[in-house]
Amino acid sequence: MHQPYSQRLIGALGPAQARLLGGLALASLVALPIMHLLPESHALHVSAYTLTLAGKILCYAIVALAMDLVWGYTGLLSLGHGLFFALGGYGMGMYLMRQIGRDGNYQSDLPDFMVFLDWKTLPWYWQGTDSFVWSMLLVVLVPGLLALGFGWLAFRSRIKGVYFSIMTQALTFAAMLLFFRNETGFGGNNGFTDFKRILGFPVAAPATRAVLFLLTVLLLVLALYGGWKLTRSKFGRILTAVRDAESRLMFCGYNPLGYKLFIWVLSAVICGVAGALYVPQVGIINPSEMSPGNSIEIAIWVAVGGRGTLIGPLLGAGLINLAKSWFTVAFPEYWLFFLGFLFIAVTLFLPRGVMGLLTRKGAST
Amino acid sequence: MSPRTDAATGEDFGWEGEATGLARPVDASQLDTRHGDILYLDDITVSFDGFRALNKLTLDIAVGELRCIIGPNGAGKTTMMDVITGKTRPDAGTAFFGQTIDLTRLNEPTIAQIGIGRKFQKPTVFEAMTVAENLEIALKTDKSVWASLRARLSGQQRDRIDELLGLIRLGEQRQREAGLLSHGQKQWLEIGMLLAQEPKLLLLDEPVAGMTDAETEKTAELLLTLKGKHSLMVVEHDMAFVGAIAEKVTVLAEGSVLAEGSLAQVQADERVIEVYLGR
């Protein structure tokens, strides 16, 4: 039983205030990359570190939103969403590796790690990755088709609940082991790094960073708007019906398979695109992105922010990752304990997450 | 008379007039009740780990009939509904909806779409949605993903929802979250959702469980108005309620039909008294 709390929050705040808050948040996100372009001596200059951190968190926020669509609204707890994010990242990473050209350490047409492995030609699945358009197709198609195949098998067999969660976890773990192997052809445990250019522009230049950041903001806004429209349509109500009473829905004449597949694939594709924006900003992609822990963390962002609220998961991803970047500097060894404690505390005391807290405050005033 | 075409391929058979006997082309997409019955269960057997939940069950329901099913716990009442609605596949036997539709080959959503509605023993509604939204979801319409993505309520559908709200007496609760309704109101909402599907056959599993006497009485009235327009199969333990609505009662025991007749007849049956009423 989860209502759209975001709607209630807006009810408590009043639409004018909600619009003001949203506008302020958007304005500051647009201002950040512009401030990065100011000369370093300027008082308002934003460092590359800060911008990269903010861009990374925005990518995570998009993943949290995609997770909320399948978990918060449809009741499918995925513990493997990091896989779709990483696959999108690898798609972009392949293109960025090809863009290095002969500027690598070995001055070869092949990516450095292939030279190191003494490979003479590109593997077939690297063909065409020098084309930006083809690579972007891979970013969408690979997570999308994997989700389609996996989802079709799982939903057709009516696998639900904890069994579904365990299978998604196993899927990302298996993929991680596969990508760790050097022979797989994705750089083994080092993954891809040392990127030089994207579409010919230097990847670390302030202007490139600013554009990538703005694209991330754009994707976030689009995903939020799309998610908002979707969850308020009849389609969205049927998703909550799948979550709350799937057998009733079937006896109403709906086949849940198509509904689950649609939202599951959409969510995977959103994660893939977020991963593709993440890689050029952060400058590295490796198989640790597929580790089970990463995917569990995504679920924690959503739980902390508030399931089934769209806005909550964005807040959850933001708050936890800000806390993480501070914690891992100040008390690196305690971060996982803190994360575990946070998850337990939220489950016990804030079942509706930060959004539940906000709406309660909003309703009482 | 126009030439008949193959329902599946649209191929023209080039025949004139009504074919008869074995030559009659079977159109499995249409409910055919020309023989007067809407549901035929024949020799249905279902076993779970060696336990025979249904044992050569044979049962027919006539068009427009209101049939009550009674029987002790474990007699197979719910399993029978599972077989009819496609949730459980029988190990042996046949289940036909009308003359032509083989229910054992269809899945739950398809069976719901061709006109069999089911109410669960425990009232099951979509608790996070409003009463009106619950009815909207149930309305008879295209239920594919693409249709739902573009769906807008038509004026006709709004009128239908209003009409149903009046029928189930939840007009004043239309904007309430269904999870906040009383137990009896949830039962009614679920019946309303069944009616929204415009089913030809309704299966009601204990529709008055947890209702007050006044609510039970209203439900009996409602079911009696549905009789004739729909065929109904009601599983119930409340004998006063059964007495109020039933013309024909079927007693199930150990997975097969033990007795059939009016309530007075079956209550007088020695075997029924032994297994059920005489406890």
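Quick reminder: no glycine exception, Cβ is built from N, Cα and C everywhere.
Here is what TrEMBL records for this protein:
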TRANSMEM  A:20-38  transmembrane segment
TRANSMEM  A:50-73  transmembrane segment
TRANSMEM  A:79-97  transmembrane segment
TRANSMEM  A:132-155  transmembrane segment
TRANSMEM  A:162-180  transmembrane segment
TRANSMEM  A:210-228  transmembrane segment
TRANSMEM  A:257-278  transmembrane segment
TRANSMEM  A:298-322  transmembrane segment
TRANSMEM  A:334-351  transmembrane segment
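Highest Cβ pair count under 8 Å relative to the transmembrane segment (A:298-322), across stretches A:20-38, A:79-97, A:162-180: A:79-97.
Long-range contacts of the transmembrane segment (A:334-351) within its own chain (CB-CB distance under 8 A, at least 6 residues past either end) are made by residues 297, 300, 303-304, 320, 323-324, 327-328, 357.
Remote same-chain residues near the transmembrane segment (A:20-38) are listed as 13, 44-48, 50-51, 54, 58, 206-207, 209-211, 213-214, 217, 221 (criterion: CB distance under 8 Å, separation of at least six residues from the stretch ends). Packing against the transmembrane segment (A:162-180) from elsewhere in the chain are residues 76-83, 86-87, 90, 150, 154, 186, 188-189, 191, 287-288, 290-292, 295-296: each is 6 or more residues past its ends and has a CB under 8 Å from a CB in it.
Sequence-remote contacts of a segment are chain residues at least 6 beyond its ends whose Cβ falls under 8 Å from one of its Cβ atoms, and for the transmembrane segment (A:210-228) they are 26, 29-30, 32-34, 36-37, 51, 54-55, 58-59, 61-62, 65-66, 68-69, 198, 270, 273-274, 277, 280-281, 310-311, 314.
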